[in-house]
Structures are given as structure tokens and as C-alpha cells.
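**Student:** Okay, handing you the structure first.
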Amino acid sequence: MRIAVVEDEKVVSERIEKALLDGFAERGIEANIFSFETSKAFIHTASRNTFDLVILDWHLPDGTGIALLNWMKTYLQIIPAVLMVTLRQEEADIIQALNAGADDFISKPFRPRELAARAYASTRRHSLRTPSVAQQQTLEFGRIKLNTNRETAYVDDEEVSLTRQEFRLAFLLLNQLGSPLSRSYLYEYVWGKSDPPGTRTLDVHIHRVRKKLKLTSEFGWNLVSVYGYGYRLQALDEIADEPSSNEPSGDKPSNDEAT
């Protein structure tokens, strides 16, 4: 689970991180935590990577947690669960945060086990309200259809054989169309770990998904490598006016047969 902690006080941020690591470990969940001291730093990362949960302070050096909540609702395709952790305790503040989109609210100083329990509960409740792979049976992207319950793909209504990793990679690329996705994020989402299972594993899978789902310019797609970062899938009709300088580099499979 990817968790962002947006808190400008380092000591508090470290306490939150420890509470979450311990609490989620007790529940058998591996938490990968990313800390941010400013709204700007969080926005820079959240624009390119997704999070399952955001722990959010009210007062930040360059804005407020409420403003950051509004930004997430406006600009993020996949909105994470949000737990506000703040010194504010007034009823009006709690109501304002919940109305702005926070899933829960806890005041400082917090009890570590309670914080972890509220964070976990927030992600569970949020997943029930948010469209997800489990809830959406069939997703359509032009000529491509993905059945998320069976993890099967179709091109022009003909079933295409994909491995589990290939399906998850295709789902992520299509569901975040136009967004550059980092290699570490793709590894974590598809294989469940940030360390690559092989030096060319991701490139091999990208090549296979491109070929099987016909994600080429001939069929209206532009799947390109983002130099030094990762990959991005675009629909050609959305980038017709943009210069096409980012051509795929090194996407042919190597001798590394990935699994």
C-alpha cells in the first residue's frame, strides 16, 4: 500500500510513519510510505504517481490541507483515501474537513494504534465508494475492453490472452491515459514490489502488451518510454497538435524472459 504523509514537522512525520508501519504490519499489509513537507512537493509526485492513502496536516508552509484536498478532487484521476491529522479539535473544523472530502479526522497528539486503525478503516471505506478493479466488471477504451473480474482483455470483441502481470500493466496504462508512470510505480503495482524482478522485465512486458492489444500508431495509440522515468500511453487523437518527439526506446524484448 502506497501512503503519503504530508506533514512539515519532521518529528511528527516520523511518529506517523512508525505508527502506520507497525499498524499495517499487524494487519499483514506492507506499507510503502512517502513523506512530504509541502503541498508543492506532494503535488509534484502525486501528479505522476498514485497513492492509496494520504495522511494530511491542516497547516502547511505553502498552503492548507483543505486546499490540497480540493486539488486532489480536481486534478487526480484516482483519488486516495485521506485522513486529516491536525492540532485543530473544534467541531466546525472537523465538519469542514469531512465536507471537503477527508475520510476521517484525528487530532494531535494522537495515539499511534488509533491512528493506524483509523488509517486502515479509511482505506477500506474509501475502496467501497471508489470505482475499482473489483467493482467495474468491464472497462472500454475504444476498441479495447478489459473485464476486471476475470482479468481478460478483448480487442474488437476478440479475446486476447494476457498473463496476470500483462493485464495489470494494461489496466494501469489505460486507466491513467496520458500520465507518465514511473518504472518503480509500475513495478510496485504489477509485481507488488519496487525492486525490479529483472533488468528488462518491464520492457519485455511493455513490448508484449503493445503487441497483443495493438497499442500502436496504426490503431490510434502512442505508447512511449519517458527517458529516465518510465512509460506513458496516449491516444493519438488527443495529441494530434503536439510534436511527436518521444519515440519508444529499447522496447524490444531481450533474452530476459520475465515472469
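Glycine is treated like the rest: Cβ placed from N, Cα and C.
Taken from TrEMBL, the feature DNA-binding region applies to 136-235. Taken from TrEMBL, the feature compositional bias 'Basic and acidic residues' applies to 249-259. Marked as domain 'Response regulatory' by TrEMBL: 2-123. Positions annotated as domain 'OmpR/PhoB-type' by TrEMBL: 136-235. Summarising the annotation, TrEMBL assigns 4-aspartylphosphate to Asp57. The feature region 'Disordered' is assigned by TrEMBL to 240-259.
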**Student:** Under 8 Å Cβ-Cβ from the residue listed as '4-aspartylphosphate', six or more apart in the same chain: what's there?
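**Tutor:** Sequence-distant Cβ neighbours: Val6, Glu7, Asp8, Glu9, Val12, Gly65, Met84, Val85, Thr86.
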**Student:** When DSSP states are grouped into helix, strand and coil, how many residues of the domain 'OmpR/PhoB-type' (136-235) land in each?
**Tutor:** 37 helix, 29 strand, 34 coil
**Student:** Which numbers of helix, strand and coil residues does DSSP report for the domain 'Response regulatory' (2-123)?
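**Tutor:** Across the domain 'Response regulatory' (2-123), DSSP assigns the residues as follows: 58 helix, 28 strand, 36 coil.
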